[in-house]
Amino acid sequence: MELWPGAGTLLLLLFLLLLLLLPTLWFCSPSAKYFFKMAFYNGWILFLAVLAIPVCAVRGRNVENMKILRLMLLHIKYLYGIRVEVRGAHHFPPSQPYVVVSNHQSSLDLLGMMEVLPGRCVPIAKRELLWAGSAGLACWLAGVIFIDRKRTGDAISVMSEVAQTLLTQDVRVWVFPEGTRNHNGSMLPFKRGAFHLAVQAQVPIVPIVMSSYQDFYCKKERRFTSGRCQVRVLPPVPTEGLKPDDVPALADRVRHSMLTVFREISTDGRGGGDYLKKPGGVGEAGL
């Protein structure tokens, strides 16, 4: 007579215990709910990328494949109860290349980006994303431009090539000039690569501001609920006649206008507002 259950029975009991535990954690632990939601968010994107790859592969690496990725990702906001409001979309130049610069708060920026992404527009992303499984391959097929931020020389070379691509292939690029995600509810100093790119190509800069997520999402507090995000497209900033020496002032001017709008459209649903008052400025030259 066996005193202990077999391995199969033990695994079944553990599985049943997990099924009972998950709903308890979901309703009783905001932190657990946060991790579940983020795990599903990332996992769902990887799954959608698997579905997109065969469709995108028909064209090969092509900026038009970004339309396929956008179509497949637009529904995610509904799964999380996030309402995305777009204002100022008429500011996009109708028939010329340009550089989009946007603030960068978290991976949820993808929702706002897909909502407002103009035609023939691709992001510039860090090279590490290229190795992110199915998502990396789907991004490559969609024409996403990858740069190695640790190798400044290579990044500058890529930017020079991008400037030529903008003009010869009628492409727009989307850049996060903060260079990394910013969770403090303000804006980090801007790196100047996007502005050098726009000046080199003599194309306009289109600033896009996404309101703070603090009322429904906070990584530090492990909080992720439903909420509203406003995406504001600002009037294009011309660069005709500007030279490399004008880049610092240009970056400072664009950041100031974006920060002003960010403070205007952002609200703290829990009654605070101090997170919008943190100082910052334009960073040293770099990418």
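Note: Cβ is positioned from N, Cα and C throughout, glycine not excepted.
According to Swiss-Prot, the features are:
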| type | residues | note |
| --- | --- | --- |
| SIGNAL | 1-26 | signal peptide |
| TOPO_DOM | 27-37 | topological domain 'Lumenal' |
| TRANSMEM | 38-58 | transmembrane segment |
| TOPO_DOM | 59-127 | topological domain 'Cytoplasmic' |
| MOTIF | 104-109 | motif 'HXXXXD motif' |
| TRANSMEM | 128-148 | transmembrane segment |
| TOPO_DOM | 149-287 | topological domain 'Lumenal' |
| MOTIF | 178-181 | motif 'EGTR motif' |
Outside the transmembrane segment (128-148), six or more residues from its ends: residues with CB under 8 Å to it: 45-47, 49-50, 52-53, 56-57, 59-63, 65-66, 68-69, 122, 154-155, 158-159, 162, 171, 173, 287
For the topological domain 'Lumenal' (149-287), the mean pLDDT of the predicted model: 83
Same-chain residues at least 6 beyond the ends of the topological domain 'Lumenal' (27-37) whose Cβ lies under 8 Å from its Cβ atoms: 80, 222-224
Residues of the motif 'EGTR motif' (178-181) by DSSP state, where helix covers H, G and I: 0 helix, 0 strand, 4 coil
